[in-house]
Amino acid sequence: MKRDHLESVGGRGIGGYAPAAPGMTGTGKGKMMGLDEEADGGIDELLAAFGYNVRSSDMADVAEKLEQLEMAMVGSHLASDTVHYNPSDLSNWLESMLSELSAPPPELPQAIHPNSSRYNLPQAPASAHSSTAFFDPADALTTTESSTVTSVDFPAQPPPVVFPDFAARQSGSGGNRVVYGSEPQIDSGTRDRKRMKTSSSSSSSRGGSGGGVIVQSSPTIGSLLAPASGTEVSSALPVVMVDTQEVGIRLVHALMACAEAVHQENFKVADVLVRQITVLASSQGGAMRKVAGYFAEALARKIYRLHPQQDCSLDSAFSDILQMHFYESCPYLKFAHFTANQAILEAFAGCRRVHVIDFSMKQGMQWPALMQALALRPGGPPSFRLTGIGPPQPDNTDALQQVGWKLAQLADTIHVDFEYRGFVANSLADLEPFMLETLSPASGGSAEPEVVAINSVFELHRLLARPGALEKVLATIRAVKPRIVTVVEQEANHNAGPFMERFTEALHYYSTMFDSLEGGAGAAGEAQQDQLMSEVYLGRQICNVVACEGSERTERHETLTQWRTRMAGTGFEPVHIGSNAFKQASMLLALFAGGDGYRVEEKEGCLTLGWHTRPLIATSAWRVAGATDSSSASAAADAH
Amino acid sequence: MGEEEKHKVEQEKPCSYNINDNADLLAEILARLDGRSLCAAACVCRLWGAVSRKDAVWEALCNRHVSSSATDSSFPGTRTVVAALGGYRRLYRRCVGPIFDRLAASGDHGPQSSAVAAAAAARLSLSLFSIDCYERLSVGGRQRPSSLLFLGSAVDVT
């Protein structure tokens, strides 16, 4: 009956499933899969997309042979110099493989077809089976076969990817692959459960599979699968031999699949996968393990709908502490501060009264350096006014005021005329222009007018969580008429519409970030603690990007290009950050031990700091478009 | 007679002048040493230790790291600022020394750019120093200012 079923479906092609097929009797699983494509003349369209030529009529045979092969590989030993005939001709290849196996293939109870299972939504048990079978790390059968198929595919042609966005990310490399196929239409039943049981029990002993295919690839998460030239299948012995590269690849596969499952609200599957991920991750080391851990946690939060994501009462103080550690252990924040300060310093050249409005006051670590530079500039320091804006503190301590006191003390020692004002605001959108303007009204005529600079480090992206907030803030900024606006933001697009796009982008971004933290690892105890806290800091961001939605998701990073468009569209024009900032930034990076990977780049007047080839944060400077020098503007105004 | 007298005079001459009698001269000489030698000199005796701890000596050392064509570090106004922030000795120990060591270790760029690089390094040192000073001001905050930990200065010379 099974064969009939398959043949009838195969015969009419994949596409013709939607109406109740008259040829199928009583199976109830008439709809085979969620395929929409029309069947091509004879050739199975879906597999053809992967480079396999399989005739629809042969599908049943191919299916059965694949199963036989799979079963045979369990106990057999394929020679490493097995010759594989044209793999795209799947039927013949299977025959050749089977003919080389000595053991006769055992009779299979069901037509389970893991590798040609389409990873699909509807029937939960069936799809649970298919995904488990695919991603089961310990089950050597699946591993060998899936790995075999994966590696065989490559020499043929670059495989199409499930998620086109992800493929775009993987441009150039072999590409990640989540295997498609036809869903098993047979009632899974006991065999599934048996498989799942064996998998879970043998997971501890088998670890990352005895052998599997040796696919040459680099161990970092970002680049997956450079295609292997040949295929090697060693015996699936129950040896705990963890091939970390392969496990790493499977880890990423698992992450992607879990994200997809969560996105499609297939929570049973996702749950299983999350556990897989934690098992796989534990066998990895270093950055990959940590990133996988944080992403798994974020996915788990999403699955179990843990709200609120973080304990809000501890939030701001705790995140300040974390950010301090992040400041110390890696150069990103220092880079941000130094480049922004340089831009502000250059904008303030020649002014006697300056006012800086800081949207991201936190501990005020940016300002000592600016004050020192102002104190030492030729002509002496100006009178410096600082307005700091911060979130409300849970225990009603006035953190902003304390920071202000410290800065005032420092300013006193270096003889800079200093004034400070702190603003507590839940959101930057609550600010009004009149709050930020000069307090002393009348002296504006006699004394020199104040020159304003606005500074925002990793703050503007939070406003994207609420519609209209950013526009209001930009309007407020424009109303204050600043000489310069410095914006530092993460260089990543974590605000795209589709969840999968966001997930993959975040996976790449944070993998690179964690890699860079790893690279700068000092052995000292305090440095290790700093690194750990920095990772927690990033982990919270990961949680927010992956697990939150709507107004809770405040980590809505956007790329420099997007910010540029946005700023230009709301009446700002770019200011080029000079070469002094570039030199200072480069020198700063040269000081970080293990920091050979850091790169400062200049992109159309903006500076980006990245790890190897991937830019991670970007500093840009802006001014109100059409604004001329304040003195000439006021002169022009006087003339009228 | 002439030889003996000469010999006596010669023997007396070195004894009539001791470098330790003239602290300013000693300071001038020590000011030409590099950081490590200066620290070693500080261990010789109490006088040398006291002279080595004079900020002017370290100021000369810091200024020497910056070539004569540079502007920032050799500005007169800098002295007050640096003194206020904690002094040249601390500046050298915390910032200038590690920075220049690290930069030297990472390779030379060339004679021309080294002057520019040195000036930039000096500015960077001052910025980092001011951050360090700021951290020390914190009352009840972090126990130990650690923004400069990345410079890896493990040995405490003071």
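We count from 1, first residue shown onward.
Each Cβ is built from the backbone N, Cα and C atoms, and glycine gets one as well.
The annotation domain 'Transcriptional factor DELLA N-terminal' is assigned in TrEMBL to A:44-105. Per TrEMBL, region 'VHIID' is recorded for A:323-388. Per TrEMBL, motif 'VHIID' is recorded for A:354-358. The region 'Leucine repeat II (LRII)' annotation in TrEMBL covers A:402-434. What TrEMBL records for A:460-464 is motif 'LXXLL motif'. The region 'SAW' annotation in TrEMBL covers A:547-623.
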Positions on the same chain near the region 'Leucine repeat II (LRII)' (A:402-434), where near means CB under 8 A and six or more residues out: 359, 361-364, 367-368, 371-372, 374-375, 381-393, 459-460, 462-463, 466, 468-470, 472-473, 476, 479-480
So what's near the motif 'LXXLL motif' (A:460-464) in sequence-distant terms, Cβ-Cβ under 8 Å and 6+ beyond its ends? 359, 427-429, 470, 473, 487, 489-490, 495, 554-558, 563
Can you tell me how the residues of the region 'VHIID' (A:323-388) break down into helix, strand and coil by DSSP? 32 helix, 12 strand, 22 coil
Overall pLDDT of the region 'SAW' (A:547-623), taken as the mean: 88
Using DSSP, tally how many residues of the region 'Leucine repeat II (LRII)' (A:402-434) sit in helix, strand and coil. 17 helix, 7 strand, 9 coil
